[in-house]
Amino acid sequence: MHVQELLFVAAILVPQCLRALRYSQGTGDENCETLKSEIHLIKEEFDELGRMQRTCNADVIVNKCEGLCNSQVQPSVITPTGFLKECYCCRESFLKEKVITLTHCYDPDGTRLTSPEMGSMDIRLREPTECKCFKCGDFTR
């Protein structure tokens, strides 16, 4: 491509890109938020020889990130594909450890365990307490 052609393409594309950028920044329709979600957790416990000792499960409420983030694709004379992509994803910005008690425990034969030491199991997991929009694929935070 000659210099004159590049200047012509740039003269046409740059104003369109700026309009697209202004439009995407001005919409304000991001709504990334922390929501409650019910999930079914199952945890198996094994002895040192790898034999299953018990299985515990429960339906629990945990936090999740959900929502929309502004993303855009705009023409570009610089990138090899001809488009510059800026994608943003709704993800956790802060995690907190939570202890959950699984209250339905069974032996390998499927018999319900009711003793205080075997009838329930505490597990730890990390759940989001805050969510916000981050550049997609950016795991450095």
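Please read every residue number as a count from 1 along the shown chain.
Backbone N, Cα and C atoms are what each Cβ position is placed from, and that goes for glycine too.
Checking the candidates CYS17, CYS131, CYS133 against Swiss-Prot, the cysteine paired with CYS65 through a disulfide bond is CYS131. Within the set CYS69, CYS87, CYS90, CYS105, Swiss-Prot assigns CYS87 as the partner of CYS136, by disulphide bond. Distance noted between the C-alpha atoms of CYS133 (disulfide bond) and CYS90 (disulfide bond) is 5 Å. Geometry remark: CYS56 (disulfide bond) versus CYS90 (disulfide bond), CA distance 32 Å.
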